[in-house]
Structures are given as structure tokens and as C-alpha cells.
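As C-alpha cells, the structure follows; a few thoughts come after it.
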Amino acid sequence: MSSQEASKMLRTYNIAWWGNNYYDVNELGHISVCPDPDVPEARVDLAQLVKTREAQGQRLPALFCFPQILQHRLRSINAAFKRARESYGYNGDYFLVYPIKVNQHRRVIESLIHSGEPLGLEAGSKAELMAVLAHAGMTRSVIVCNGYKDREYIRLALIGEKMGHKVYLVIEKMSEIAIVLDEAERLNVVPRLGVRARLASQGSGKWQSSGGEKSKFGLAATQVLQLVETLREAGRLDSLQLLHFHLGSQMANIRDIATGVRESARFYVELHKLGVNIQCFDVGGGLGVDYEGTRSQSDCSVNYGLNEYANNIIWAIGDACEENGLPHPTVITESGRAVTAHHTVLVSNIIGVERNEYTVPTAPVEDAPRALQSMWETWQEMHEPGTRRSLREWLHDSQMDLHDIHIGYSSGTFSLQERAWAEQLYLSMCHEVQKQLDPQNRAHRPIIDELQERMADKMYVNFSLFQSMPDAWGIDQLFPVLPLEGLDQVPERRAVLLDITCDSDGAIDHYIDGDGIATTMPMPEYDPENPPMLGFFMVGAYQEILGNMHNLFGDTEAVDVFVFPDGSVEVELSDEGDTVADMLQYVQLDPKTLLTQFRDQVKKTDLDAELQQQFLEEFEAGLYGYTYLEDE
């Protein structure tokens with residue numbers, strides 16, 4: 001592949017931007033993965049890796065996870081804040097606290113803990129807190145407790161504090177403080193408290209409701225004052241050590257971040273004036289990732305990088321401290337998405353392709369209905385030299401004629417053969433118009449989009465959108481999707497991807513297409529009998545956890561991939577994936593009972609004993625097989 005072709009391919013899929021140096025296209029036109037861009041010689045051909053794994057029995061779909069990417073992301077964020085602190089002369093520390101709700105899998109938590117980097121952990125529920133406390137002995141850093149809290153949750157956090165961990169119980173509802181003080185006295189432990197302030201500042205986009213004045217969590221200004229007085233009266237004002245706020249997830253615009261940090265810095269200043277010795281400034285989440293690769297303010301992109309993000313936070317807090325003669329607090333960020341998104345790729349196979357194949361029909365008979373003759377006349381005019389009608393007009397005329405024919409077919413005016421003839425001619429017209437369109441002509445752009453969607457291949461992919469990419473369905477989030485090979489060719493085809501659930505919502509609606517977003521995916525030419533494998537990238541944040549059981553499709557297999565500078569690769573199976581029996585048990589259908597019921601039915605048939613046994617064995621094998629489609 002020439003450098004010019006490679007550059008064009010990278011621009012088509014924006015790999016250079018969302019790939020963030022972890023993903024690239026190699027000289028074979030395959031996706032390659034470099035888990036640590038600081039060690040560029042440690043890379044693997046993902047297409048070849050998947051084929052090797054398949055030959056060894058790997059089932060698709062499967063998650064290919066790269067723990068080394070997690071560790072590099074953590075190092076990169078820590079390094080950005082180190083540079084920002086040095087640049088400003090900031091005296092406080094910095095900790096990244098990983099909110100495990102983003103991805104609670106053991107491989108994620110332990111990969112981050114074993115990275116050698118400073119790291120804290122955040123919990124938002126009792127179950128998460130138990131996981132965090134169990135791992136806390138490996139990290140000896142900071143634990144932040146968010147979310148709704150009952151007495152058991154609060155006791156667990158205080159037990160962690162009594163064990164020697166630095167556990168911050170963040171007060172998000174006024175009702176929590178009485179329980180905290182009561183249980184702290186019972187356990188004879190000094191609580192370490194935080195307060196979540198509800199800001200007026202708010203981000204924009206799909207996740208904006210998680211921040212701002214209408215946020216589900218946090219205390220309003222009046223409630224913050226009430227909390228301070230309650231603690232003062234209880235003689236526990238010194239326990240309030242952390243200020244927390246959250247602007248929203250996936251903040252696209254750096255200006256929104258800067259505005260929110262400045263507002264929260266005022267809370268820090270005012271709390272100090274009230275005698276509260278705040279030591280930690282937790283800015284929460286919000287550090288976004290560029291799913292689109294457009295470097296813009298759109299919902300699934302960001303217009304800033306790690307350095308700019310860190311600089312805006314450190315300088316805003318530092319300036320507020322300097323102006324008011326206050327100490328520089330320890331800065332905490334809860335950057336879960338930015339740590340985990342890149343490290344996981346869902347790989348699956350295409351199980352079927354439906355192309356809009358067509359043949360130009362012969363001319364209609366002389367006494368054919370007027371609509372058929374009109375379509376044919378338009379077709380002939382399209383091939384006459386010097387015609388003055390526009391491409392758009394030809395397309396509109398043919399669409400109106402086809403619409404009349406469809407209505408006429410429903411009323412019995414047109415036969416099935418006539419409808420098929422009209423549809424074939426219409427496809428021929430679309431193809432002819434498509435050839436004459438110029439992507440550089442702005443007037444042609446809407447027609448190009450319309451025809452690309454109309455003529456796109458339908459690719460049926462062996463996965464469940466609801467299980468593996470629920471945010472693509474629930475909030476129209478865009479994820480990078482592209483073939484793992486064939487990227488040394490110009491993407492001359494278009495496709496739409498459909499999953500294997502029995503739900504029309506099981507389709508991907510938005511795809512990266514250069515600097516824009518399209519409703520069809522650019523595809524290089526391929527053999528429909530042997531289509532390429534597809535990679536769904538940046539699914540490491542939230543998707544595994546939010547996935548649901550629609551049609552009883554379960555968790556996919558998952559492998560952890562480690563790549564070394566000498567070119568060697570180690571692959572470990574981290575999740576065998578759900579079986580049919582696993583999924584049935586989730587809905588209280590006992591596999592053994594089902595097998596017994598099926599056996600009873602088979603025995604009542606007139607089938608011979610050998611066939612009965614064969615059917616029973618097939619049923620039982622299916623119960624303990626993969627929930628996704630499997631080749632023979």
C-alpha cells in the first residue's frame with residue numbers, strides 16, 4: 001500500500017485521531033495494535049491474531065482486550081497532570097481515582113493497580129465498595145465513596161477507614177450525615193468526609209444531565225451551608241476534607257470544563273472562609289475521548305487533549321488559591337472513560353450479505369401502464385447527450401413513478417412482474433445517477449447521502465447490539481467500526497450493519513466518514529462469500545457492564561492480549577462467555593428441567609430410537625453451547 005493510499009484510508013476512518021497511536025493500518029492493509037506507543041516495536045496485526053485464535057478454537061464474537069493500553073492511559077493522564085503542576089508551580093498532589101462503575105472487570109481493576117502508577121478507586125454502591133476494599137491492600141491510596149448510601153454502605157466505608165485506608169465518604173444527600181456520625185461513633189473512628197456540590201455550570205450533549213443544578217446527586221449551596229453547621233455543632237468540622245463536583249460525562253468542549261472548575265474553585269475558597277480545611281479537590285469525571293476522530297465539540301468527540309485538560313484544571317484551582325492566599329489542595333479526577341475506552345475491541349464475523357444487485361430490464365411493452373413507460377423514458381433521457389435536466393430531477397421523477405407503481409400494486413393495478421421490473425429499473429437509475437455525482441459539489445451532497453443509504457450493502461453481523469454496544473442503541477453513541485483487513489483498497493462500497501437479534505433497533509445508524517458522520521459505512525471491495533471480520537473499537541468503557549440480555553444473547557468470550565517488543569504475543573482467556581444454559585437460568589428456566597421436558601416429548605413421538613437419541617444429544621449440546629451463531 002502506497003503512503004498516499006494509506007493516508008487516504010486513515011482519513012476515511014479517522015484512525016489517526018480516535019486510534020490515538022494505539023491503532024493503525026499496516027503495510028498489508030490490516031489493523032495493527034500498539035498497546036504502548038512509547039514502545040512502537042511492540043505491535044500486533046489484529047486480523048492475523050484473530051485468524052490464529054480462530055484456528056485454535058476461538059469463537060466469535062469476542063472481546064480482544066489490551067491491558068497494556070489501560071496502563072499506558074493511566075501513565076499518560078498522570079504525566080499530563082505532572083507537566084501541568086510543574087508548569088504552574090502547583091504544590092499539591094494529583095491522584096487519578098478510577099470509578100469502577102465504568103468497567104468492574106477484574107482484568108481492568110488489577111491491570112491498573114499493577115501499573116506501578118499512583119491510583120485511587122471509587123465506588124458508587126455496596127457491591128462496588130466491597131470490590132474496592134478487597135483490592136485496597138494492593139494500592140494504599142485513596143478510596144472515594146459516592147452514590148446513595150444506606151447504613152451498611154456507610155459502615156463498610158468506615159471499616160475501611162479503621163483498617164488504615166484513606167476512605168472519603170462523599171455526602172450527596174443531607175440524610176446521610178446523621179447516619180455517618182452515628183456509625184462513626186459506634187465504630188470509634190474519625191470519619192473522613194467529602195461533600196458533592198451541585199454546580200450551576202453544566203456540560204452539553206448526551207450526558208449533560210449528570211451535571212448541573214438538575215443533577216441527580218449533590219448538595220445545593222444552602223445544603224452545603226447546612227452540612228457545615230451540622231458538622232460544626234457535632235465537633236466534626238475537621239472531618240470535612242474533600243470537595244467534589246461533577247460536570248458531566250464525556251465533556252466535549254474544554255470551555256465548559258474550565259467554566260465548571262472556576263465555579264467549583266469558589267466553593268473551595270468559601271468553605272475555607274467558613275473554617276473548613278478542604279484538602280482534596282475532586283473534579284469528578286468528564287475527561288472525554290474522541291470516538292469520532294473529528295476533534296470537535298460534537299457529542300462523541302472532544303476539542304482538547306490531555307495536556308489542555310490538565311492545564312485548565314490546575315491553573316483554575318491554582319489561580320483561585322493564589323488570589324485568596326490558600327494552600328494548593330490535592331487534585332483528584334475520576335477519569336474512567338478516558339482510561340478504559342481504548343483498551344477493548346469487539347471482533348465479529350459477517351454471517352450474511354445482502355447487496356442491491358440489479359440488471360437493466362428490457363423496454364416495457366407498448367401497452368404497458370403509463371408509470372412504467374414514464375420510468376423508461378426517464379432512463380432513456382439519462383443516456384441522451386446534451387440533456388438539460390438535473391440529476392436531482394431525474395431521481396425525483398423515477399421516485400414518483402415508483403411510488404405510483406407501489407400504490408397501484410397494492411390496489412391490484414400492477415402485477416408482481418411489473419413491480420419487480422420497476423424496482424430493477426429504479427436501482428439502475430440510482431446507480432447511473434450515483435456515477436455522475438461529484439462529492440466536492442455541495443449541491444450533490446444530499447443526493448449522495450440518500451443514494452448511499454439506498455444502495456448500501458446490508459451486512460448481518462454475529463453480535464447483539466444490545467449486549468455489546470448498548471449505548472449505540474440507547475443514546476445513539478458513535479463507535480469506530482471498520483473491517484480488520486482490506487484497508488489497502490479504496491472504500492468504494494457502502495454498508496449498514498445489522499445484528500442478529502429479532503429487533504429492528506439492532507442496527508448501527510452512524511459511522512465515521514472522514515470529517516463527518518454518515519448513515520452508511522465506507523467499505524473496500526470484498527468477496528460477499530468471504531467477507532472480512534469487523535472490529536468495533538473503543539468499547540472498553542461502560543459497554544460490557546451496561547449490556548443487556550435481549551433475545552438471551554449473553555456475554556461474549558473475552559481474551560487479554562499482551563504484546564512485547566520482540567514481537568511475541570501472549571493471549572489469555574479471561575471470559576469463556578455465556579452458554580445458552582447460563583442465559584436461561586437468568587430468567588429462572590432450569591436447563592435440566594428443560595432437557596427433561598424435551599426428552600419426554602421426544603419419547604412420545606414415532607421416531608426410531610436412534611433418531612430420538614440424536615435429537616436429545618443435539619438439544620443438550622445446544623444448551624451448553626455459545627449463545628451466538630457458530631459455524632459447523
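Note that Cβ sites are derived from N, Cα and C of the backbone, with glycine treated the same way.
DSSP gives Lys101 (N6-(pyridoxal phosphate)lysine) a helix state. Feature annotation from Swiss-Prot assigns N6-(pyridoxal phosphate)lysine to Lys101.
Taken from Swiss-Prot, the feature substrate binding site applies to Phe281, Asp282, Val283, Gly284, Gly285, Gly286, Leu287, Gly288, Val289, Asp290, Tyr291. With a cut-off of 8 Å between CB atoms and residues at least 6 apart in sequence, the same chain places Pro99, His246, Gly248, Ser249, Thr333, Glu334, Ser335, Gly336, Arg337 near Gly285 (substrate binding site), listed in sequence order.
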Cα separation, Lys101 (N6-(pyridoxal phosphate)lysine) to Leu287 (substrate binding site) (Å, whole number): 15
Lys101 (N6-(pyridoxal phosphate)lysine) and Tyr291 (substrate binding site), Cα-Cα, nearest whole angstrom: 20
Pairwise CA distance, Val283 (substrate binding site) versus Lys101 (N6-(pyridoxal phosphate)lysine), rounded so that it is a whole Å: 17
